[in-house]
């Protein structure tokens, strides 16, 4: 089935997807003698056929192949990489056989590889992309009708997956993410950020699956319908799982599931199925209610998003001007350049935070430093900035390779600065805009330079639009810059710029406009007076975006500046007389902070580059450096934890602060004599037997290390007896156990029982997506931690008790 046919069907009727595969296999005891569910495709294909058939008989139109984790990263870990082709082929073929001639849509199923992309994880974006491309190629080769990307929690991983599927698969793509009840993923991405990024990359439908029960997911689905015109899929869990008498139970009743699905249908959702805990009888009742019904018409929405990891901006809702902060630029700033050549991004991050606080809507990022590797510098800057602010980015470079690499690594939809009317530049930039779903600033200049008249600039705009149309770039993603020249050198040009903006609104209503405002005042005194006056005039002409310093005063109006800008002040005589004695205000003196306060701030903000220098100064100046470092680092980390609990920080900020703290402790331990540094104690961390997920565990390890603990990371899929034997050997403060899947949670109880039998008193702390405090109490674990910070605080309390003894 080709993409067009699938989309035609979707327009005409509601489609019923299948229910849970993993929990259904578990319920039937089909997973007891395989390593991972995908192994069933080649070892016991009849078991998979049984599940497929049960959903087809229940009324499913779409069956997801048992290829959820059939990516090379997971398969290699289990020794199944050589069987990848057969696993995926059988996953699709078994759907065809189970269909028995019925028109069933065979969906290739793709989910997380189990590791985040850098900087949250160890794999590069390209490595993540290649893993998904491997899987997508096999799904295409073996005839999947569509691809469903599901249960994704990290936006860059989703971006890599969409690009890989789009590059290697011609059919329709449904992109689903997994959210908590509050509408954010564990890495902080909200619904609008998901929509902005996935839509910009050209998926055919958006969706929600897993994590929460149907009532809560229906509420998120309603919000999703208000932010996209794309079809929407809806696959909730049968409630949040609990473990009762060693059995995983999904408590939601079929009636609750149906009620929520009908509510989602009324809100305009197009595709319905179930995730964990839903069974064929759920789908049968669902099909009885909704199968073949006409989709509910939704009110069309008009959104124009830019996005970062944790926030999206709808430009259509922002009062003009949309501010693009201009301060992340090393031009003319010697110290800034020196820091960047040392790969020290502390000043860059400080500028990013300051401009966000001052009201910038987007941040322009320019890394044009002579003798620097701009490809690496710009990419690193983008990755550093987007993890500490929620402001979307404007990627600014004339280096094509740097631009492409940085835009690729953006965790959202960025703006590119810039393209112009030169044929070569259009041919280079527009494919990048199209591929990564970006928008672009289009300078109305060409090989002949900046035209003197508005008419000639508009002609270049027409040429750019024609090229954009040919490249498949939506017109709304072209933002015209009609260019600002210094009013002191070309006094008539301010009027031409404003005239071009006004005419552009009439000729190209889909396209917004932007100006780099401060160019207007070059060579004049009291530049901000000119800048502010000109911005007001430009806004009256219809300007949308302004590239400015948001920290300046933009409420200045001046008659002399206005006269100059309107070309009524020959030679700027009146303006120069009025401001002849003008002196630029002295910069405000910054408060001199103690080394302790500097260290605290740098850890709080995740500036590991600055930490090393501060710690070395503390070591040189203080008699008890370890106490100072220890106290201030821990105080900062505790505030990070509070911000995380309040949803002010998300995992990226926690990781960055943890890395900064780790840097401080590493220097202390390396520099001082061992007997002057008291180790905080050892902690064992492990993912339990049968579970290959280590993202959460790795984050906990990083945070514990940042608190100064010696973490013994035993990895994933570790037998409980091995963990307890290690505890007997090293006598740690605590044993930390992680499990993502409900199927592996019973291994935690086994670890507790083995510890008790061995008469070991080491406390066990457990956590994971499906783990609860109630479960921890039932199995006799000593503590349940909902996140990394709670784990650290618990272990910290154990350390203090040990010190008192």
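Even glycines carry a Cβ here, placed using N, Cα and C.
Caution: TrEMBL annotation is automatic and unverified by curators.
In TrEMBL this protein carries:
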DOMAIN    3-290  domain 'Hcy-binding'
BINDING   210, 275, 276  Zn(2+) binding site
DOMAIN    321-577  domain 'Pterin-binding'
DOMAIN    586-680  domain 'B12-binding N-terminal'
DOMAIN    680-805  domain 'B12-binding'
Chain-internal residues, separated by at least six, CB under 8 A from residue 275 (Zn(2+) binding site): 19, 20, 151, 209, 210, 235, 236, 237
Mean predicted confidence [pLDDT] for the domain 'B12-binding' (680-805): 88
Neighbouring C-beta atoms (10 Å sphere around the C-beta of residue 276 (Zn(2+) binding site)): 27
Residues close to Zn(2+) site centre defined by 210, 275, 276, Cβ within 8 Å: 20, 23, 151, 178, 209, 211, 235, 236, 237, 274, 277, 278
Other C-beta atoms that fall within 10 angstroms of the C-beta of residue 210 (Zn(2+) binding site): 22
Secondary structure content, the domain 'B12-binding N-terminal' (586-680) (per DSSP, counts of residues): 70 helix, 0 strand, 25 coil
